[in-house]
Amino acid sequence: MLFCNNFILTIVLFTSSVLITYSKHTKEGKEGKEDISTCYSPKLLLKGAQEGSSDGNIIKDSFSNVKEVKFFGSIGPLGEKRLCKIKCIGGQWVGPLCIDEQAEKGRFQPLFRNCKLDYLNPHLMLTLRNITIQDIGLIYPHGSTLKIRCRDIGLYKLLGSANPKCENGVWSARLPSCVPTTLFTNFTEEAPPTIIFKIPSGSSSIESGGELAIYPGTTVHLECIFSRHLGSPDWTWTAPLGEYLTGWAIAPEERDWKYRLSIYYAKEQDSGTFTCATPRGITNSLVLQVAAIHCEPITEIDNLMTMRSEGTKLGHKVYFQCQSGYQIKGDHNITCQLSGKWSAAVPTCELVKCPLFEENSNLTALHLKIEEQNNSYGGRIVFSCDWGYRLRGLPGIECELNGTWSGSPPKCAIIQCSAPIITESSNLLATEITGMDGGQYTVGSLLQFSCNNSLTLIGESTIICTETEVWSHPLPICNIN
């Protein structure tokens with residue numbers, strides 16, 4: 001049991017359904033006295049409430065003379081809801097105690113320490129209660145049992161425990177590894193043989209435990225990949241029927257490296273483990289399950305979606321597609337599995353959106369501004385430059401169907417005028433008044449002219465660099481009176 005003392009106990013609730021059992025005050029008398037122990041008040045928050053807030057999401061109670069509090073808690077990476085309780089015993093909260101649906105039903109069990117996975121080999125596929133785990137750092141409650149297989153069955157051989165269990169904060173075994181087979185090792189004799197399966201007719205599903213599940217009547221070829229000049233491998237099986245055709249492939253391009261076992265029109269009795277062993281005794285196996293399983297037909301889908309179904313038999317797939325401008329949220333296709341359930345929930349459609357551009361210090365440093373932005377499919381983002389700069393490139397880019405922008409943002413180039421050419425014989429003197437930047441005449445640069453030797457200035461005495469990169473007036477000239 002976990003004794004919760006010397007710290008604040010906070011319990012997150014999913015609903016306001018909290019069952020509080022109070023003790024009854026009795027006084028010392030002829031009937032004796034009841035030992036009433038009181039505990040400090042735990043903080044009960046509804047899911048989504050912020051600690052310290054004063055809204056209705058915090059359940060307030062003095063909890064004086066409380067015997068126990070029952071509530072629904074969120075357990076593990078799947079957010080599994082369990083009925084839990086805490087009890088006030090001897091002035092301390094004891095618990096939480098929760099009901100485990102997979103253990104003894106109806107009994108409250110103490111929550112032991114959780115387990116965690118900080119690394120996941122990319123060749124491994126993990127599932128917990130038929131849900132694929134793709135993230136690291138998740139918390140797994142005590143008693144969680146993982147199913148682990150190599151992502152590509154037959155191409156890698158699983159080495160280690162396929163079902164580690166969380167036992168009070170420690171996994172019962174290290175995570176297994178996936179050993180590459182002959183197809184990846186240039187047919188070395190030390191590697192396990194690769195097993196490739198082919199389904200020329202019928203339907204199949206790869207299960208979370210790594211089994212190949214097929215519907216009765218399916219034909220399957222199991223091909224053991226091994227170099228023929230090193231000898232012949234050997235197929236063995238546990239299926240009770242026990243009579244299958246084996247031998248080297250006939251096709252010229254395959255007969256020196258594919259040793260095949262064929263099952264025609266599979267029956268449920270063909271279920272079993274099929275093992276290929278090299279002449280050195282190194283093995284690789286594939287588990288076959290034959291079952292007449294059907295999944296429930298899918299009748300309700302998003303109104304923005306179209307669906308194509310192969311059927312409802314084991315191994316049949318359903319494919320989904322959204323209307324133009326929308327993308328699938330979830331799996332693009334799902335498969336009928338051995339459990340009689342589809343491999344994932346029916347997906348939905350959501351509007352295609354591109355990443356938002358934010359006006360930040362990076363854009364400011366580039367002298368770039370956002371005039372308008374619509375990041376939905378077909379929308380545009382329009383840029384402009386700070387005063388004194390002009391755009392290089394298209395002013396706008398569009399959000400495309402794949403959720404990316406049609407190009408990179410344009411660049412801003414400084415606007416400048418060319419330096420006036422003043423010869424010594426012109427007797428023209430130029431004085432910069434304002435605007436010159438690092439030897440460049442930028443927009444707004446102002447030049448004032450005068451003449452030497454008491455000559456008369458003809459033309460504008462002041463010119464300015466404009467946004468068109470030309471001076472506002474031609475150079476004046478100096479003339480004799």
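Just so you know, glycine gets a Cβ as well, placed from its N, Cα and C.
Caution: TrEMBL annotation is automatic and unverified by curators.
The shown structure was predicted, so the numbers you read here are calculated from the model rather than taken from an experiment.
TrEMBL names the disulfide partner of Cys322 among Cys295, Cys336, Cys349 as Cys349. A disulfide bond in TrEMBL ties Cys478 to one cysteine from Cys451, Cys465, and that cysteine is Cys451. The disulfide entry in TrEMBL for Cys385 points, among Cys399, Cys412, to Cys412.
In the three-state DSSP reading, Cys385 (disulfide bond) counts as strand. Under DSSP, Cys349 (disulfide bond) is assigned to a strand (E or B) in the three-state scheme. Cys385 (disulfide bond) has a Cβ environment of 20 other Cβ atoms inside 10 Å. Note on the domain 'Sushi' (415-480): DSSP counts are 3 helix, 35 strand, 28 coil.
For the pair Cys412 (disulfide bond) and Cys451 (disulfide bond), the C-alpha distance works out to 38 angstrom.
Residue counts of the domain 'Ig-like' (200-289) by helix, strand and coil are 6 helix, 42 strand, 42 coil (DSSP-based).
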